[in-house]
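Enquirer: Sharing a structure, written as structure tokens. Questions coming.
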Amino acid sequence: MFSKSEFREVVKSMGLVFGDIGTSPIYTLTVIFLLTRPTHTHIIGVLSLIIWTLIILVTVEYAWLAMSLGKKGEGGTIVLKEILVPLLKSSRNVAFVTLLAYIGTSFLMGDGVITPAISILSAVEGLRIIPQFENIGQSTIILISAAIAIALFSVQSKGIEKITWVFGPIMVLWFATIGFSGIASIFYTPEVLKAINPYYAIRFLLDNGIIGFFVLSEVILCATGGEALYADMGHLGREPILKAWRFVFLALVLNYLGQGAFLIRNPGSTNFLFEMINQQANILYIPFLLLSVVATIIASQAMISGMFSIVYQGITTRIIPMLKIDYTSGVFKSQIYISTVNWLLLVSVLFMMLIFKESSKLAAAYGLAVTGTMSITGIMMTSIFYHRKNITKALISLFITFIDVVFLLSNSYKIPHGGYWSVIIALFILSLILIYTSGQKKLYKLMKLMKSKDFLEKYKQVYATQNKIMGTALFFTRDIERIPQYISHVMFKNNIIYENNIFISIIKSDSPFGIETSFTKEPAKGLKILEIRAGYMEIVNVEKILKDQGIGEKTIFYGVEDIFTKNIIWRIFSIIKKVSPSFVQFYKLPTDELHGVMTRFEM
């Protein structure tokens, strides 16, 4: 049994991790049987495919294999890259793995656009089961769904930590409801239980050939959100998520079996979950519909928070441009809000709703990004286990990667039917990452960085002979061994020397969390070096660190790059740099003390 604290953590993970996969029963079977006839044999075969997809891709790939590869408790695609890169000897392999991580991140973010759209639309479409609303137009459904999405995204800037405590209990109620509903339906058609045998899944694929192969592209919808188990491991811990998954898995399997049993009895049904609930307890249908809408909102909220987290991780690992970040909680430092991401997501979600109009059509675009992410996770896991000489797990991981790729290939047919949208979104994000990272490397090479030894020689000479300004000046530098051009301009070209000069270097460590601050030895009179070593998931409050160190700065200098180029790619990079907040804006340093020093670069 659980202790009280363990129980609370398990319930909490229900609300923050399992919203997406938990609301999949609303639309998964309904969409599958648009592709294939609901005969008795087909229903049993599809149910078997769903059960074994949940076992292989979620339980084995994520709950067992991926979650055994955490780094200081943190999970996700970037973490897999951080684990794998030190194991590789070839720089070519490192570049390939880095590209894979970028593609995986892009797919994950592309998938995030579709999740709220399909979840909210599918729940609101349940209104049609109510007799008074059976003729409600699709435009009204879209309007209601859009209003819910707008309301959800509009409250993000206020912070949602005050209400997140209710997410867990609501999702526990959701899973209990769909689980018991499934049991009630199975009671009347117990033969569906034979779908637990994988023989029926294999037989369905063999009997149906190419159609069976394409059905896999919709079966994968039952596992969307499975990647959240690993991605959210750092926030909630491995054990609570695994314990919660046992309950969630049971509820999902029971509900899918129940829907299959209902479909055997009612082959003319079109919206299986809602019609099953309505038939079982008509008086409770409206409360259930409201519960389903709230569950999809919770699923969407988890995606939004996850997106903020992924983008922040990308910013701190320098693969995504800096964006304005607000902290929405004085208690939970991980509660952040990124306005650019929030409003771009809302526009994208509304666009998806307007373009596809129905959840069943939106399913045509869903799954491609998910299977892409799963395949990349499988490849990286297999490589890690192989390099660690864990041959058993490497072979199991290789088999699962093969299954992932089969699902990915089955989703290729979706590309001309709307799947191209998820590809376009992922390619846009990937292009942004590649242009930004390549531009930063190119820019760094163009910088006339001064070796520390040469700088100190000149500094000592200038400091001894020049008049000094009273007070303390701060200078930011990435590498204390190679001094940026702007510092040389300030001190040697403009002859601006303060009594006390402090170089601040913020170094991102390989670990996700932890902040260490220390002054290194004083290299010269009037010059100190402050190193801030922070985990790549840490939110660094530089102003607080300066106060804690007793630094009363008078002026903060920072470099500004002015890029001149005729190359179209570098022009895009230049625009990205111009619209992105500067280093000092990102860290929210006091504006009245800031002095930007511009240096022009021709790329």
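Placement of Cβ uses the backbone N, Cα and C atoms for every residue, glycine included.
Because the structure is a prediction, the values reported are computed rather than measured.
From Swiss-Prot, here are the annotated features:
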TRANSMEM  15-35  transmembrane segment
TRANSMEM  43-63  transmembrane segment
TRANSMEM  94-114  transmembrane segment
TRANSMEM  135-155  transmembrane segment
TRANSMEM  163-183  transmembrane segment
TRANSMEM  209-229  transmembrane segment
TRANSMEM  244-264  transmembrane segment
TRANSMEM  283-303  transmembrane segment
TRANSMEM  336-356  transmembrane segment
TRANSMEM  365-385  transmembrane segment
TRANSMEM  390-410  transmembrane segment
TRANSMEM  415-435  transmembrane segment
Enquirer: Could you check whether the transmembrane segment (336-356) packs against the transmembrane segment (209-229) - three or more CB pairs closer than 8 Å, residues at least 6 apart in sequence?
Expert: no
Enquirer: For the transmembrane segment (415-435), what are the same-chain contacts with Cβ under 8 Å, counting residues 6+ beyond its ends?
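Expert: Same-chain residues near the transmembrane segment (415-435) but 6 or more away: 102-103, 105-107, 109-111, 113-114, 314, 319-321, 348, 352, 355-356, 361-362, 364-369, 372, 569, 572-573, 576.
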Enquirer: What stretch in 15-35, 43-63, 163-183, 244-264, 365-385 has the biggest tally of Cβ pairs under 8 Å against the transmembrane segment (94-114)?
Expert: 365-385
Enquirer: Counting Cβ pairs under 8 Å to the transmembrane segment (209-229), which of 15-35, 43-63, 135-155, 365-385 comes out on top?
Expert: 15-35
Enquirer: Go through 43-63, 135-155, 283-303, 365-385 and flag the stretch with the largest number of C-beta pairs under 8 Å relative to the transmembrane segment (163-183).
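Expert: Top-ranked stretch among 43-63, 135-155, 283-303, 365-385: 283-303.
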Enquirer: With the transmembrane segment (365-385) as the reference, find which of 15-35, 43-63, 283-303 contributes the most Cβ pairs under 8 Å.
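Expert: Most contacts with the transmembrane segment (365-385): 43-63.
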Enquirer: Under 8 angstroms for C-beta pairs, at least 3 of them, ignoring pairs fewer than 6 apart in sequence. Is the transmembrane segment (15-35) in contact with the transmembrane segment (135-155) by that rule?
Expert: no
